Amino acid sequence: MATERTFSIIKPDATRRNLTGAINAVFEKNGLRIVAQKRIQMSQAQAETFYGVHHERPFFKDLVSFMVSGPVVVQVLEGDNAVAKNRELMGATNPANAAEGTIRKLFAESIEANSVHGSDSPENAATEIAYFFAGSEIVG
Ligand code: CMP
């Protein structure tokens, strides 16, 4: 299996409920190493660019408002097949469809306030990591 990096966001619904440590515990218990992490207040422009692929979707405006509604924790996770592993740990986008034991089943409030984001491919992971982190901030 290939060691890989993925990008993760702990979203405002989770930071608001003090769940950063509980979510990180799921990553660490399941073999993902947090090799970079910072708590930030995303700007409107940052959120709009980050979610640019969803620009035409009806939920875009609300999604951006939600992502700037409080602090987020941006992270780089490293491990074997980290992209797929993280998506498995997160569970389905809509917590109503998420499997037992997944982060979204455990913690998410709704499809919008769904506690975490994770990259959907290694290519997007590289782009998303570079959007938030300088190489010098990632310590493997
Ligand atoms: P995320 O993995 O961060 O990527 C896009 C986000 O849009 C997704 O998680 C959801 O939180 C959010 N979202 C809000 N409404 C919807 C919707 N109806 N369908 C899909 N995603 C939605």
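Note: Cβ is positioned from N, Cα and C throughout, glycine not excepted.
Look at TrEMBL and you will find His117 tagged as active site, pros-phosphohistidine intermediate. The feature ATP binding site is assigned by TrEMBL to Lys11, Phe59, Arg87, Thr93, Arg104, Asn114. Annotation source TrEMBL lists domain 'Nucleoside diphosphate kinase-like' at 3-140.
Projection of TrEMBL feature records onto the structure.
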residue : record                                          : CB count, 10 Å
Lys11   : ATP binding site                                : 26
Phe59   : ATP binding site                                : 12
Arg87   : ATP binding site                                : 18
Thr93   : ATP binding site                                : 15
Arg104  : ATP binding site                                : 22
Asn114  : ATP binding site                                : 23
His117  : active site, pros-phosphohistidine intermediate : 21
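Annotation note: the residue listed as 'active site, pros-phosphohistidine intermediate' sits in a strand segment as assigned by DSSP. When the domain 'Nucleoside diphosphate kinase-like' (3-140) is classified with DSSP, helix, strand and coil residues number 64 helix, 28 strand, 46 coil. Maximum intra-site Cα distance, ATP binding residues Lys11, Phe59, Arg87, Thr93, Arg104, Asn114: 21 Å. For the pair formed by the residue listed as 'active site, pros-phosphohistidine intermediate' and Lys11 (ATP binding site), distance between Cα atoms is given as 7 Å, rounded to the nearest Å. Close contacts with ligand 1, defined as a Cβ under 6 Å from any of its atoms, occur at Thr93 among the binding-site residues Lys11, Arg87, Thr93, Arg104. In the predicted structure, the domain 'Nucleoside diphosphate kinase-like' (3-140) carries a mean pLDDT of 98.
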